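Enquirer: Feature list, courtesy of TrEMBL:
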- 12-32: transmembrane segment (TRANSMEM)
- 13-216: domain 'Cytochrome b561' (DOMAIN)
- 52-72: transmembrane segment (TRANSMEM)
- 84-104: transmembrane segment (TRANSMEM)
- 116-141: transmembrane segment (TRANSMEM)
- 153-175: transmembrane segment (TRANSMEM)
- 195-216: transmembrane segment (TRANSMEM)
Amino acid sequence: MALAAPALPFTFVVHVLGIALVVLVLVWNIHFRGGLAWESTNKSLIFNIHPVLMLIGLIIIGGEAITSYKALPLKKEVKKLIHLVLHAIAIALGIIGIYCAFKFHNESGIANLYSLHSWLGIGVIVLYCIQWLYGFVTFFFPGGSQSVRQGSLPWHVLFGIIVYVLAVGTATLGFLEKLTFLENSGLTKYGSEAMLVNCTAVITVLFGAFVVLSVLSQGSAGDDDYTAI
């Protein structure tokens, strides 16, 4: 079942919100949080890589990968490759981002995997990898039969939406968790940084909503390789 609306306008909104999110998360972690570093005596700089890569990777690039079928006026085989590569980049950035969170915790003497955000985060990256591997084997190489691909496609789309929505929810929990820690450490609750973090979280939710809307909307004519649910 598809919405009786063209997907293209929704994909334009996705692009605009994605650019806004990149700017906001970089301003937060570079201007307000002091920057990014792989090695530093200030361990918080190591952690700062985590929200930047998770948001740009799993949320923004992952969202662009999902909408690529509806946004790009290309042949389906080309769109399939772009979809696959963008998701691979999203996974790679996500894995590095998660590693930085563990690195920060280990070097700071903080316990790992104690919060709901961290539990969901591990679950999301595992499900994301399973989704990518299944899509690669079934739709790319070696590729399933025509009947297998046709039967798998609706489930692949549905599972992809579920995993993506979980990723967006996990990201918003991460913003809440980090902001709560900062406010408990003295950050002004109505200050500019707190407002920026909350706005980033809200725009993240909007970005995810428009990604889902684009998937549920009508694609271009001949877009038979990626139909709406």
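Glycine is no exception: its Cβ is also placed from the backbone N, Cα and C atoms.
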Enquirer: Where else in the chain does the transmembrane segment (52-72) make close Cβ contacts, counting only residues six or more beyond its ends and a cut-off under 8 Å?
Expert: 7-8, 10-11, 14-15, 18, 21-22, 25-26, 29, 36, 78-79, 82-83, 86-87, 89-94, 96-98, 100, 121, 124-125, 128, 160-161, 164, 167-168, 171, 174, 200, 204, 207-208, 211, 214-215, 217, 219-220, 223, 225-226
Enquirer: What else in the chain is close to the transmembrane segment (84-104), if you only count residues 6 or more beyond its ends and a Cβ gap under 8 Å?
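Expert: Counting only partners 6 or more residues beyond its ends, the transmembrane segment (84-104) has Cβ contacts under 8 Å with 43-44, 46-47, 49-54, 56-58, 61-62, 64-65, 68, 110, 112, 118, 121-122, 125, 128-129, 132, 135-136, 140.
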Enquirer: With Cβ-Cβ distances below 8 Å as the criterion, list the same-chain residues six or more beyond the ends of the transmembrane segment (12-32) that contact it, or say none.
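Expert: Sequence-remote neighbours of the transmembrane segment (12-32) are 48, 51-52, 55-56, 59-60, 63-64, 67, 71, 192-193, 196-197, 199-200, 203-204, 206-207, 210-211, 214.
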